[in-house]
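Undergrad: Structure below; questions to follow.
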Amino acid sequence: MFSPTLQSSEPPFIIRCETGCFNQYPLISYCMVEYESQHYSDDLFKTIRQPFPETLNSALTKRRAEHLAGRYCCSVLFKQLTGHSQGVGSHQRAPVWPAGWSGSISHTHRRAIVVIMEEKAGLYPGIDIEQHTPDLLLQTADMFSSNEEQDFMKTLSLPYSEALLINFSAKESLFKSLWYENKDIINFNFSFLSDINSIQGTYTLTLSHDISTKLHAGRKFTGNYYFMNDNVITFILSSL
């Protein structure tokens, strides 16, 4: 899924940083980091030349560290691609990209990943990373999977909890990708899982109803997934 080109670190907060492109999509750049929340400091936002959003004023350190790790990835990518860091703002909990760029950000309590590409390509990426917590997935399956989806996932060769994880993460990725067209998707019912190919590492989601004048019920979106230790990363690219 990934073709890494550079690895670095900036301890104590960033303990590992990897950048590169996607195997199938060389025009899409990614940055993935491992970070240590206990070494977070508000001053690091100034160091990486990223804005500190007002929404973090009352946030816990964990949330601030997640946000910083994602914006660190943004700074690294823009410096590599344009020669200088560019600020990525926030609006309604979504990133505001510099003019001419589109991208997606995701993070867990220890990892963050960002993908960006030039907007002129007319494609919109969505990325998500989630930790595999089988008990929690089984307890909350009804919140993001229909009965039909659950019946389908139980027929797959994948362990059921892994299929649930892919489904949850895939919908998060698609939501981020389609956000450019529809910012009002409020639950997981907007699409349903119609395929997981464990050999190719792909999944397919189908829109369950019309969500805009361009996005109609029945439209299919196929993305990629990749298991990394106890995490899954899902990626999808849409043309709107």
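Using the three backbone atoms N, Cα and C, a Cβ is placed for every residue, glycine included.
Fair warning: this is a prediction, and the values are worked out from it, not measured in the lab.
Feature annotation from TrEMBL assigns domain '4'-phosphopantetheinyl transferase N-terminal' to 54-116. The CoA binding site annotation in TrEMBL covers Arg63, Arg71, Ser106, His107, Asp128, Glu172, Lys176. The domain '4'-phosphopantetheinyl transferase' annotation in TrEMBL covers 126-217. Positions annotated as Mg(2+) binding site by TrEMBL: Asp128, Ile129, Glu130.
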Undergrad: So what's the average pLDDT for the domain '4'-phosphopantetheinyl transferase' (126-217)?
TA: 95
Undergrad: Please report the Cα separation of Ile129 (Mg(2+) binding site) and Arg63 (CoA binding site) in Å, rounded to an integer.
TA: 15
Undergrad: Select the most exposed residue of Arg63, Arg71, His107, Lys176, where exposure means the fewest other Cβ atoms within 10 Å, treating these as the binding-site residues.
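TA: Among the binding-site residues Arg63, Arg71, His107, Lys176, the lowest count of other Cβ atoms within 10 Å belongs to Arg63.
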Undergrad: In angstrom units, rounded to an integer, how far apart are the Cα atoms of Ser106 (CoA binding site) and Glu130 (Mg(2+) binding site)?
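TA: Counting only the Cα atoms, the answer is 9 Å.
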Undergrad: Sort out for me which one of Asp128, Glu130, Glu172 has the most neighbouring CB atoms within 10 A, since those are the binding-site residues we care about.
TA: Asp128
Undergrad: Between the Cα atoms of His107 (CoA binding site) and Glu130 (Mg(2+) binding site), what distance do you get, rounded to the nearest Å?
TA: 8
Undergrad: Taking 10 A as the limit, how many CB atoms besides its own sit near the CB of Ile129 (Mg(2+) binding site)?
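TA: That number is 23.
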Undergrad: Near the Cβ of Ser106 (CoA binding site), how many other Cβ atoms are there if near means within 10 Å?
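TA: Around the Cβ of Ser106 (CoA binding site), 25 other Cβ atoms lie within 10 Å.
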Undergrad: Neighbourhood of the Mg(2+) site (Asp128, Ile129, Glu130): other residues with Cβ within 8 Å of the Cβ centroid, in order?
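TA: Counting only non-site residues, the set is Ser106, Thr108, Ile113, Ile127, Gln131, Ser169, Glu172, Ser173, Asn231, Val232, Ile233, Thr234.
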Undergrad: C-alpha of Lys176 (CoA binding site) to C-alpha of Glu130 (Mg(2+) binding site): distance in Å?
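TA: On Cα coordinates alone, these residues lie 14 Å apart.
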